[in-house]
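A.B. asks: Below is one structure. I have some questions about it.
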Amino acid sequence: MELVFIRHGLSEWNALNLFTGWRDVNLSEKGVEEAKEAGRKLKAAGFEFDIAFTSVLTRAIKTCNLVLEESNQLWVPQIKTWRLNERHYGGLQGLNKAEAAAEHGDEQVRIWRRSYDVLPPVLDPKDPNSAHNDRRYAHLPADVVPDCENLKVTLERVLPFWEDQIAPAIKAGKRVLVAAHGNSLRALAKHIEGISDADIMDLEIPTGQPLVYTLDDNLKVVSKRYL
């Protein structure tokens, strides 16, 4: 069985070196081309999908659409869920990473970005950019909508969707595409690859590159490769 992950193409804020998180920014021109190229690679390699899962953030949705369009599979059903959203970077969202490092120190920012269980500064729920004020999350209980997350909390958010939707689809023989974000995919990779809390700090998933897992019947990773 094979499973394909793709991190969204380079976003406008990626290009500006800003913390993005749950802020809904668009793909950059380069990101659009990355997503299209990913679709072409998947088509050339003969990948066909039965279902696609993505987040409720524009950059991932557009990446999913472009990948499917370029591979002549735009008709494939898509399920969008907040559980596949990027990690919520709290009060860091919208800040320039270099400026944050200058203020707080390189090591502190590295820990906020890459550690498994250290939380970033909290975003005030009354902030105009808080997810509490975004109607795409209006159906969720207020205490479920995050104000900041680390990778541990992100995994706790993502894992129920893996267990309830993605894993059963794979076990049913469906060919699955997951178009999401650097940290939601890192969380899933940690789970399916059995990566330790320490080693996950070093895992980087590049934008717009299809990551193909070969899984056994128990959804354990046999191999992985980038196209």
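Glycine is no exception: its Cβ is also placed from the backbone N, Cα and C atoms.
Take a look at what Swiss-Prot says about it:
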- His8: active site, tele-phosphohistidine intermediate (ACT_SITE)
- Glu86: active site, proton donor/acceptor (ACT_SITE)
- 7-14, 20-21, Arg59, 86-89, Lys97, 113-114, 182-183: substrate binding site (BINDING)
- His181: site 'Transition state stabilizer' (SITE)
A.B. asks: What does DSSP say about Lys97 (substrate binding site): helix, strand or coil?
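C.D. replies: Where Lys97 (substrate binding site) sits, the three-state DSSP reduction gives helix.
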A.B. asks: Pop the Cα-Cα gap between Glu86 (active site, proton donor/acceptor) and Gly21 (substrate binding site) into the table, whole Å please.
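C.D. replies: Gly21 (substrate binding site) to Glu86 (active site, proton donor/acceptor), Cα-Cα distance: 5 Å.
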A.B. asks: Can you check which residues sit near Glu86 (active site, proton donor/acceptor), meaning Cβ under 8 Å from its Cβ, same chain, 6 or more apart in sequence, and list them in order?
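C.D. replies: Sequence-distant Cβ neighbours: Thr20, Gly21, Trp22, Ser55, Leu57, Ala180, His181, Gly182, Asn183, Ser184.
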A.B. asks: Which of these binding-site residues has the least crowded Cβ, counting other Cβ atoms within 10 Å: Gly21, Gly182?
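C.D. replies: Sparsest of the binding-site residues Gly21, Gly182 by Cβ contacts within 10 Å: Gly182.
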A.B. asks: Could you state the whole-number distance in Å separating the C-alpha atoms of Lys97 (substrate binding site) and His8 (active site, tele-phosphohistidine intermediate)?
C.D. replies: 19
A.B. asks: Count the Cβ atoms, other than its own, that fall within 10 Å of the Cβ of His181 (site 'Transition state stabilizer'), considering every protein chain shown.
C.D. replies: 27
